[in-house]
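Taken verbatim from TrEMBL:
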type	residues	note
ACT_SITE	Tyr29	active site, proton acceptor
ACT_SITE	His44	active site, proton donor
SITE	Lys58	site 'Transition state stabilizer'
DOMAIN	134-260	domain 'CRISPR associated protein Cas6 C-terminal'
Amino acid sequence: MHIQLKLRAISKSNLLPINYQYPISAVIYKIINSADEEYAKFLHDTGYQKEQSLKSFKFFTFSDLICSFKIEGDRLRMTSPEAKLNLAFHLPPAAEKFISGLFLNQYITISDKRSGVDFVISEVILQKPLPLHEENNEVVLNLLSPIVSGRKEKYSHYEFLSPDNPEFTAMLIHNWKEKYETMYGLGSAASDMASVSMEIVPNKLPPRSRLLTIKQGTYEETKVRAWYNYRLKVTAPGKALELLVNTGCGIYNSTIGCGFVYM
């Protein structure tokens, strides 16, 4: 499920933190918590547990904040009060209207300790999914947020990979398969994901990277290297492709909104 939120700034302040992604994730949890505290706690604390593993996934992501701005140091000064934000959730159809209805007319604040902007969500648009074949589909995915591809090192730290690394797409597929195993079981993943493929489709300009910071200014501060300015050509069964576009490509999907892709 993809929904687009139309936001209107209502505060005197128009200065966002440049690392606004983690605060947006907190806003999403807060809105869900206001309607279903148990589900919000499950998402935040546990998530969907992978079979025979300690790994878990939250199964949602969000796009970059789409607005006009000027960069001022580590701040973004909005030059217009209007903004858009796209959200993706992997949910049963019966829950889609419930989730999309939660966000309409909500008042939210995107901020850190130094600055922030208050918004009202003035409109929620439920995006219609494109029809997919049960068997293999070949599609080109566009990015609305940068993608993080990483290989686990010692002590659970990641080595972040660039698109020119041969393992970049291999690790994206590995993460995708883990999500599928978590959602549908190891047996289904072994057969359904056997023929998936992914390759980079270059744009006119080369891929670019962005260094994102989680929990900036705290002892838990973490820096993440993400890449954008390219597309992905993917071949996969419809069920697997739907999971990918609803949960995000790569890692750090729910935490900082990386890997939001659409057809």
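Cβ from N, Cα, C; glycine included.
Across the domain 'CRISPR associated protein Cas6 C-terminal' (134-260), DSSP helix (H, G, I), strand (E, B) and coil residues number 42 helix, 45 strand, 40 coil.
Just so you know, of the recorded positions Tyr29, Lys58, the Cβ with the fewest other Cβ atoms around it within 10 Å is the one at Tyr29.
In this structure, the C-alpha atom of Lys58 (site 'Transition state stabilizer') lies 11 angstrom from that of Tyr29 (active site, proton acceptor). Taken together, the residues in the domain 'CRISPR associated protein Cas6 C-terminal' (134-260) have a mean pLDDT of 94 on the 0 to 100 scale.
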